[in-house]
Ligand SMILES: Nc1ncnc2c1ncn2[C@@H]1O[C@H](COP(=O)(O)OP(=O)(O)OP(=O)(O)O)[C@@H](O)[C@H]1O
Ligand SMILES: Nc1ncnc2c1ncn2[C@@H]1O[C@H](COP(=O)(O)OP(=O)(O)OP(=O)(O)O)[C@@H](O)[C@H]1O
Ligand SMILES: [Mg+2]
Ligand SMILES: [Mg+2]
């Protein structure tokens, strides 16, 4: 196990992990968003988000905080009641989703993220709806990433297992080769190795220049890979900062991360920040 | 235009036996659809069976109570026959199966093969089966006026049928009120939302659906009896338009509510009367010929219905919030 | 509808209120095409009555209401409520026996006279003292038609009949009569009717033709327009086609010339009625079809005459005198309202002989006889009068 | 069609037989027998009949005796086979036929009915028939009798080629004929139901006003042909175009706003019921309650082998098949077609995939209404007339077809329609005709029991 | 550090000193660590259960036993057949072949509702919230022995009111524990993804089942909350409830399970206590992957070899 490399990164200056450019023109920005489903009930109540070009931004928070709502609002699937969203400086508040796709935004929803009665192949074709000409090339790319999907291309997505669906969902969003990607819990339901793969791939995609907003309940993993992260609680930003910093913030740990999974990091992170850090590392 | 007369007629519709019959049929449908989510598109079939059961056994000389029991039994058996194979199907399939079954009942009823029993297309004459019911009335024969409403006490379209019909409606409302608030109603509601989830909690979905189908169907059959008591048993008058009207009445008032069906029925029939009377008296024949006035009246009714649903989709008594939950 | 205005004599006249006639005829629904000629018949009668001075010195008024069809039974119920609240004393209608069965108890229970111009159902015979009809009894028309067919020498008869009172009871008479004459009904026996709501008739036509009939009777209403092309296309000779009052109509706008040439049909009523038809057309220029207009006309005139005779416009008075003015007690034959009033004023009993050619009311309040006209279609698909036949209604 | 020479011969022979028959029955023939013919009037009644040989030719010179209260009358059949006597008193008359005067080889079909008793009335005509032929109960002339006489099968029968088979029962020809009608009806029904299925599939809405879209097509074609006098083709195309436009318009002003306000599909269904009412009665308002003939020409009959189809239906079927194939191609092979299925599965995700969901739905409405309109035009031609409630009457069959094929599966609707068409047209072979819709519906229920997901539907996974 | 000994923020009295755990561990101590092994006190015993979909075999289990009172984890790659096995055991799907018993009674071919009534309750991986019912109503529906659920008793409220009160109290307690107390009167359809998972689990627990089968209960649930809920699951063991759960969160598996069964391609490929199974090289290769303990923030992971290796692992998992 590559414990050494982990140490190297984790013990370094947190800012060195941050590769995006926090200064300058934001790529995607949401200011004071208020949005909700039922009349009179605001789920987001003044939420802010900034994504700079090339940045990998994480969002974590308790269940029902409004993370998915935030992504849906950015993507035009939930009506924004006040506040603005801009993409490359242009106002895209309440723009229709298909218009955003045309502008290079991709989205993987949390629930119902496949077309159950369509085959895997057709699901992917839907992902490339606006650029059908690129099909051969993109399909090859995806099959490379998810060989299972290539083999089972004829199977109806509705009959897939939970993890398989998740792969289809991710693959569908990648078809268009978006420049901004909104991911809602892409790792949920995946086996550990696939989770790792997903996170590493997310990073690679990000490295290739795609700005990514990722919502995760696999919060530690998420904070490990992202440049900057927001903690959302009850429709508002509770904390924000570089991923590493949040990961080690005792408040964040207590309220949002829990300590169940700290066994890996405890050995390497600053001992004084962690409750229960005195326990010996797992063999 | 004679507004007093028109308004009296409109008010008369509020207590009319037809209104009560539709309210009752919609209450039955409410148990199916509002409570259980069963898309029964054949409520008229239950009503027709009830009417046949009642009328045929009365003509055969059975007493009132036995005839009512026969009607109930007919509809219960029909519900069982329908339910055994279909309640396992997805909702939309139940819709088509029920609409088909109701049509089959009607078509068989009006076919010449059964002329001796059902009177085929001409049906059964009203005065051949109304007697037992009218004889059961405690009132003296004659007419009775209450304010502007004057009806015969016992015969056909009488006070007696009104009293009985609305009493039955009241009883049915009370029943639904009790059931809706009971754990039984809760299971039905659960089934309406997701039967697999309810199954995973150990409830026998099939049995509950069957109970609901039978109960709603029996109420429909009683509605059928009330419907034919002031008129005749006509297979054609208890066909698809009737089912549509029952649905309209239910959704107009608000599905899954106790008084929705009653209110829906009152509003539907009273406004039909209002629109038609006003059109009849208010539109001069120089503008439209008499039959065009009637036809235009229906167009107005159709549009009104659309507007009502468009501007109050949850029905008059329905819960808007419930509607906003996107289930699709 | 009454444009006569209040006439001066109204005050001077008897204590009776003006006669208000309600119509309960199909204006919407599947039978809506039957409504306009019937309403025109009533209105024509009322117009003539009022021109002749009205009933008991007051103009007759008409209140129209829709009976719709059996599929919308509530409409008729509401219309009856509406009519009764307008204090009508006579209701002309309904066209469909089913609708009548639904409302007859309400109407007769209110002691209002109901006269149907088109009901033929046997189950309505003698339903109530207040229920009358001017429609020709099936027994007469059916027998006349059957004799026409057998007279033409056809011995294998196929009948396309819809499963409705009108169709099946007429069929029963035709069948009985032709079989008595030695012919066979090859198709259209009990169990071989078609659904009135059916939209496709090719199956029925194929089934009919498979029995190789040498004459074909169509007992239907508007469906006839869909059936005839089917038959003609199948190579049926139009001269072997027979129609009845429900479908013997002017088809010149519907079929190409010659389609029906030689086909025959029976319509009850005295001939010629072209003058009558012209008057109706004046009232409603859109009329294309005159089915049951004469019966509706007669029903109205009879009711008015009965009121005149009885000296009152209330239901019971009219009910009491209807049979008498229709000629049940014999008397002077009159054919217009004015003549009838004159004769009545002279103290005579009258026998009104109307447009429909039906005889006086019998004990069941059904017409006791009818005269049936035989028509033959010409090259332009219009029925042309050939001859008339008289028929008694057998005592039941 | 390669058998057309035979077919032609049959057709010609039929025509000749027809002409012969027409000559015999038409009043032209009556002229020469005028002196014999009795006309009933106030003082006379008639007893008459026509006697034909088993082959259907008039039987000439047969002597009959009519005996009754006013004495005995003798009559002889004329050149047209007709005889008649005038009687002056009502009552029972005995008519006896002199069997010795029968043409050679002819016998009475039912010898026990000679003499027969009839009741005559003054002013009326009464028939007395003596059918000739083999003494069987079979109503139709047998094959042997026909060929012995050397004429075609179109003899006594009214000129139908079907007469050659033994009549009455179920013959293969009749099965074939009805199956053909069933297929035609099914394919035309499919045009309408595919539209219904598409709309249901994409929006989840059971459109009870779809029947009125079908009617719209028929009525517009009627207006084009009859009111405006346009050629059928032109008015048909205009009708379909307007029908399609009405779908677009309807979605724009009605369904789109309702969806945006998240009105549930059951509620929307009630709106469709209201719309259906409003439309039906609007049609009635403008066009009356009667049947409207789109074209007044009588259909031209073609014979395919022994099966008859009209030229109109053949062309209609070809159009329908082409259009359905086009729709199939569109749904399966085009991007937008596939998108309709995606939208039906999950509109939000479809939007997230870059599909203009509302655009797709608008397109489906336009297409569905257009197909319904075309179905209406062709159906109106096939059924020989359209009317204000043509579509409404077909609606249940459409729903049955859609369900039978598997809800929301457009091809299912096609298969379902064919099944329904066949069942509706063929069930009268075994059950009473007025119950054939009941038969179709029963089949529907049975199929659903065996395959709850419909013929082409697929079962869903749980969990 | 040992996950067991780690203090848990929310007070859960049973967490550490678990008599139930000791008992179960003692029972399982002598059981061999091999697939399909017999257990001393099995509550579920299944034999040659297979399920084919077209040409593919989703489940092909020769023999499996679940120890009574234990917390057993069922892990395995995506598409291994875990959910399908759940569906089969609980009557939501029909096997191609196979029989199984629950508490000695055969349950093969028994309808889903009856399975649940016999004490085997499951949750769904893709949640099934009853959308247009409130959260509390969802919970109440989970309860058993409510006389008011029969049509005739329902008409006489006094007959079921008392039980309803008990149920409500129980439901409210569970909701509090699952952090859903505030949502008590909201429609379940308006819950977030994770909240639905929680509701689903809480609802299943309402019936106090003998055995509860949780399909990925913690996927999408906030880790802090997961941690507090584990206490509840451990508490279930104290009351004698058997727990079988599918989970991809290895921390959770390691933390609470007494026994782990590994499935791959429909077959049981390994069984044993969590520490041992997770050290099993085959399991690591095919399921956990080489990086499951690595910090993914490491740039070296972005090298192409790593991706290739991961892909190879994924293929392995597939094979
Ligand atoms: N379709 C909906 N209708 C109404 N209310 C909703 C809907 N979806 C979510 N909500 C409300 O919004 C709140 C936030 O939901 P959201 O899905 O954004 O949470 P989340 O942060 O993504 O949680 P999780 O981590 O559990 O997915 C929920 O608690 C719920 O009350
Ligand atoms: N109805 C079906 N039709 C066809 N294939 C199916 C069906 N149901 C399941 N499968 C296949 O069976 C395999 C096992 O599925 P299952 O849902 O049991 O996996 P799982 O172990 O639960 O996976 P995950 O961890 O991803 O949820 C999958 O490959 C799936 O695609
Ligand atoms: Mg979420
Ligand atoms: Mg699974």
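Note: Cβ is positioned from N, Cα and C throughout, glycine not excepted.
What TrEMBL records for B:6-25 (among others) is transmembrane segment. Using a Cβ-Cβ cut-off under 8 Å and counting only residues 6 or more beyond its ends in the same chain, the transmembrane segment (B:6-25) has close neighbours at 43-44, 46-47, 148-149, 157, 161-162, 165-166, 168-169, 172, 219-220, 222-224, 226-227, 229-230, 242, 245-246, 249, 261-262, 264-266, 268-270, 272-274, 277-278, 281.
Marked as transmembrane segment by TrEMBL: B:37-56 (among others). Residues 21, 25, 28-29, 67-68, 70-75, 78-79, 82, 87, 91-92, 94-96, 98-106, 109, 117-118, 124, 128-129, 191-193, 209, 212-213, 216-218, 220-225, 227-228, 233, 235, 238-240, 242-243, 246-247 of the same chain, all 6+ positions outside the transmembrane segment (B:37-56), place their C-beta atoms under 8 angstroms from a C-beta of that stretch.
The transmembrane segment annotation in TrEMBL covers B:62-84 (among others).
Among the features that TrEMBL reports, transmembrane segment is placed at B:159-180 (among others). When Cβ-Cβ distances below 8 Å are used as the criterion, the transmembrane segment (B:159-180) is approached by residues 15-17, 20-21, 23-24, 27-28, 30-31, 35, 133-134, 137, 139, 144, 146, 151-153, 219, 222, 226, 229-230, 256, 258-259, 262 of the same chain, each at least six residues removed from its ends.
Here the transmembrane segment (B:213-233) has Cβ contacts under 8 Å with residues 17-18, 20-22, 24-25, 27-32, 36, 38, 40, 43, 46-55, 68, 71-72, 74-76, 78-80, 82-83, 87, 118-119, 123-126, 129-130, 133, 156-158, 161, 164-165, 168, 172 of the same chain, all six or more residues outside its ends. What TrEMBL records for B:213-233 (among others) is transmembrane segment.
Taken from TrEMBL, the feature transmembrane segment applies to B:245-275 (among others). Long-range contacts of the transmembrane segment (B:245-275) within its own chain (CB-CB distance under 8 A, at least 6 residues past either end) are made by residues 6, 9-14, 16, 18-20, 22-27, 29-30, 33-35, 41, 43-44, 169, 173, 176-177, 180, 189, 297, 300-301, 304-305, 308-309, 314-319, 322.
Within its own chain, the transmembrane segment (B:296-313) has Cβ neighbours under 8 Å at 248, 251-252, 271-272, 275-276, 279-280, 283, 288, 323, counting only residues six or more beyond its boundaries. The transmembrane segment feature in TrEMBL is assigned to B:296-313 (among others).
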